[in-house]
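Novice: The structure is given below, and queries will be raised subsequently.
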Amino acid sequence: MKPYLELLQHVLDHGAEKSDRTGTGTRSVFGWQMRFDLNDGFPLVTTKKLHLRSIIHELLWFLKGDTNIGYLSDHQVRIWDEWADDNGDLGPVYGKQWRRWTGPDGVEIDQMQWLVDEIKRNPDSRRLVISAWNVGELPQMALMPCHSLFQFYVVNGKLSCQLYQRSGDIFLGVPFNIASYALLTHMVAQATGLGVGDFVHTLGDAHLYSNHFEQAREQLTRTPRALPSLRLNPEVTDLFAFRFEDIAIEGYDPHPAIKAPVAV
């Protein structure tokens, strides 16, 4: 995970001090890209322990098209709790946009199903793009999409994914985002009969919150360990049929977790 650690160090050393929506304050850079070859191991940060259950269940929740935290709460995942209303609703966030984007004529579009079908039909297409940034529905969202657009690319029988993330909380959020989209790439590849290539992560405003500086410095003192591997149930070939039990991360041996507050 050298690219991630290089980003941490660069922002600590060269980032600009900026105010932000939460009032916490950040150190930030604009425009940063990381590339991970998914054949070299699963890109899961090892210099601190990540909560795997949250990463996997959140992605399955997105793919269900769900926007209520009930499913997450049932599986002891709390990462969206701060933004939900009293009924657990978040408005038309990621799951709604991925699976039920509302077009100008009011017809709902299943972007993810279209994506799987289009990769099979036309793998050389330059239009294999999914967007969560639905301008007309942004005001109704509890949190506007941070990881807002992603594109797939097929060459030599391998599927690569590039994510554009407009805003990245480097210490807490970005490690989750890397793992989530790497996992999604593997799942889409299996559903379309392809191997995996690269995951490319492009960040707009990449920032460290001011109350994460010491945690980031502590993380940078740790020596990275070998990357784990991902094992998917080979019998699952429908992207929307994956369950938690079908996904296994093997050989994950991280350093201890480092606690840090979430900026809401």
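The backbone N, Cα and C atoms fix where each Cβ goes, and this holds for glycine too.
Sharing the features that Swiss-Prot gives for it:
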type	residues	note
BINDING	ARG21, ARG126, ARG127, ARG166, SER167, GLY168, ASP169, ASN177, HIS207, LEU208, TYR209	dUMP binding site
BINDING	HIS51, ASP169, ALA263	(6R)-5,10-methylene-5,6,7,8-tetrahydrofolate binding site
ACT_SITE	CYS146	active site, nucleophile
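Relative to the rest of the structure, where do these features sit?
Specialist: For TYR209 (dUMP binding site), the number of other Cβ atoms no farther than 10 Å from its own Cβ, over all displayed protein chains, is 23.
When secondary structure is read from DSSP and collapsed to three states, HIS51 ((6R)-5,10-methylene-5,6,7,8-tetrahydrofolate binding site) falls in the coil class.
Listed in sequence order, GLN165, ARG166, SER167, GLY168, ASP169, GLY173, ASN177 are the same-chain residues at least 6 apart in sequence whose CB falls under 8 Å from the CB of CYS146 (active site, nucleophile).
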Novice: Determine, from DSSP, whether ARG127 (dUMP binding site) sits in helix, strand or coil.
Specialist: coil
Novice: Reported as an integer number of Å, what is the Cα distance between ARG21 (dUMP binding site) and ALA263 ((6R)-5,10-methylene-5,6,7,8-tetrahydrofolate binding site)?
Specialist: 9
Novice: In sequence order, which same-chain residues at least six apart have a C-beta under 8 angstroms from ARG127 (dUMP binding site)?
Specialist: GLU118
